[in-house]
Amino acid sequence: MNLEEMKERQKHIRNFSIVAHIDHGKSTLADRILEMTDSISKREMKNQILDDMPLERERGITIKLNAVALTYHAKDGEDYIFHLIDTPGHVDFSYEVSRSLAACEGAVLVVDATQGVEAQTLANVFLALDNDLEILPVINKIDLPSADPEGTKKQIEDEIGLDPDEAVDISAKTGMGVDEVLEKIVKDVPAPTGDLTAPLKALIFDSKYDDYRGVVLSVRVVEGTVKKGDRIKLMNGGTEYEVAEVGINSPKPLARDVLMAGDVGYITAAIKDIKDTRVGDTVTSADNPTDKPLEGYRQMTPMVYAGLYPTDNAKFNDLRDALEKLQLNDAALTFEPESSQALGFGFRCGFLGLLHMDVIQERLEREFNLDLITTAPSVTYHVELADGTTKEVENPAEMPDASSIKAIKEPYVRASIMVPNDYVGPVMELCQRKRGDFDTMEYLSDTRVNVIYHIPLSEIIFDFFDKLKSSTRGYASLDYEIDGYRPSNLVKIDILLNGDKVDALSFIAHRDFAAERGREITAKLKKIIPRQNFEIPIQAAIGSKIIARTNIKAYRKDVTARIHTGDPDRRAKLLDKQKRGKKRMKAVGKVDIPQAAFMAVLKTDEQLDEK
């Protein structure tokens with residue numbers, strides 16, 4: 001392909017993402033677009049075709065961004081190359097959305113006609129505006145009886161500031177109106193403008209590990225071209241490789257002769273060292289490198305930390321290898337080794353939220369055949385010590401002795417809760433109960449309010465989202481961002497089983513709620529931990545002060561069953577022998593703690609009962 005042909009091809013490229021609040025129909029719209037561009041045969045077509053992880057299909061959510069190249073024959077008679085990137089909708093995966101948008105010129109914003117504009121809809125609009133993208137509003141599910149397309153258009157105008165007349169009414173399920181969306185993409189999304197003759201400059205927006213090909217880089221080529229046999233350089237580490245293959249996903253990988261400025265595709269170069277590749281890095285030519293790298297991505301800060309431990313300590317190295325491979329595919333995951341007296345060796349992992357943590361644990365167990373125990377999640381605390389130094393504490397077990405602590409600061413979030421007027425009362429009540437500070441209330445329309453509170457992150461990760469949904473019958477939507485650290489009256493609560501501290505069950509709580517939480521946790525653990533042949537006391541303590549206690553009763557074997565009822569001496573002797581045996585067993589007996597016990601520190605009673 002000569003330069004003129006490349007320039008002509010570039011004019012026909014359209015790079016766009018589909019973004020929306022969770023459950024508004026992104027993946028269904030992606031399915032229809034694939035169908036209408038004949039990218040996939042009727043035989044291969046299935047729902048959520050781009051959600052290729054079994055976990056995504058089971059949960060019905062998108063977890064990973066997914067890029068696919070399509071050819072669309074437009075009404076003007078020309079063929080256009082669409083690079084479509086499907087993105088997640090859950091707040092935990094907003095990092096995936098921001099990476100997708102950096103590889104695009106346009107964003108199709110899907111809004112559910114039955115739900116209207118929700119918190120994550122707004123968050124995605126701001127991400128798209130940050131990346132200077134053309135936003136195409138689409139109103140989905142207009143075929144449902146409860147759909148209100150006119151009301152939704154008004155929200156799009158009032159709350160987002162987009163022209164409601166530009167919004168396209170569609171039903172992604174039936175395909176109605178989708179052809180109009182495709183035509184708008186051709187007309188309104190600008191073609192990429194990268195210089196084809198400049199040195200290669202490509203942004204790595206995702207990557208994964210393949211056992212046969214090594215690391216597969218997903219790239220958006222910004223300038224120049226790359227083909228098989230070229231020498232490339234990863235600018236972050238300076239490592240050089242020879243390109244083994246370039247291609248596009250359509251949706252299966254298809255090798256191509258060349259990737260040029262504007263293309264979204266993949267590069268393989270027999271990269272075996274996972275540490276060499278980083279999402280956000282710039283790929284350039286080793287022989288003719290570019291002067292300065294692309295801006296890349298801001299480093300994500302984990303919001304939630306938890307310990308991951310293999311049930312078999314011999315699998316520690318397998319867990320490390322698995323985490324390294326997952327980190328390649330999920331740049332927001334962080335981990336470092338740690339050890340626990342109760343659980344042995346494992347890793348302290350950082351996640352963006354509880355769903356992110358759940359998904360990582362499930363992927364590790366499924367994809368890498370590991371059996372894991374996860375400790376209760378916690379946040380990062382800033383501890384000011386009496387000697388003037390500050391320590392960051394991610395693990396409650398590492399909290400310094402209370403006598404050496406001057407102050408403890410905890411992270412707060414600015415929570416934006418969109419809710420119908422009728423439910424403002426229950427929402428404010430919930431926020432107050434969760435130690436929230438009221439900020440402001442914005443009336444978005446006659447029927448909807450945006451309530452803004454500053455709430456400790458530790459309260460958000462506990463059970464806030466479930467309580468919010470139940471107190472508003474599912475109508476509220478939540479978006480939040482970190483809002484700095486504030487001093488709080490916090491204490492570390494230790495859990496003792498049979499008199500021994502279990503470091504992995506320690507947690508941090510506000511002093512005002514410490515006794516209540518201690519009683520809750522000990523009661524939950526009593527339900528979960530199996531009975532033994534000896535009585536097990538469960539205690540919650542702040543330092544040396546016990547604030548709550550309960551006992552798990554011992555199994556009682558009837559040792560007197562075989563003796564004659566009229567022999568009281570023999571009976572007393574056997575009972576005394578049993579008592580002495582249990583006392584000895586209690587002194588040396590180790591209590592087996594099931595996985596559910598570690599999550600009991602987090603879950604509410606209702607959630608435990610459901611299990």
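Cβ atoms are placed via backbone N, Cα and C, with glycine included.
Taken from Swiss-Prot, the feature GTP binding site applies to Asp23, His24, Gly25, Lys26, Ser27, Thr28, Asn140, Lys141, Ile142, Asp143, supported by sequence analysis. The secondary structure of Ile142 (GTP binding site), as reduced to three states from DSSP, is coil rather than helix or strand. Applying an 8 A CB threshold to same-chain residues 6+ apart, the list for Ile142 (GTP binding site) reads Ala113, Pro149, Asp169, Ile170, Ser171, Met176, Gly177.
Among the features that Swiss-Prot reports, domain 'tr-type G' is placed at 11-193.
With the fewest other Cβ atoms inside 10 Å of its Cβ, the least crowded of the binding-site residues Asp23, Gly25, Ser27, Asn140 in this structure is Asp23. When every Cα pair among Asp23, His24, Gly25, Lys26, Ser27, Thr28, Asn140, Lys141, Ile142, Asp143 is compared, the largest distance found for this GTP site is 17 Å. Across all of the domain 'tr-type G' (11-193), the predicted model scores a mean pLDDT of 78. Mapped onto three states, the DSSP output places Asp23 (GTP binding site) in coil.
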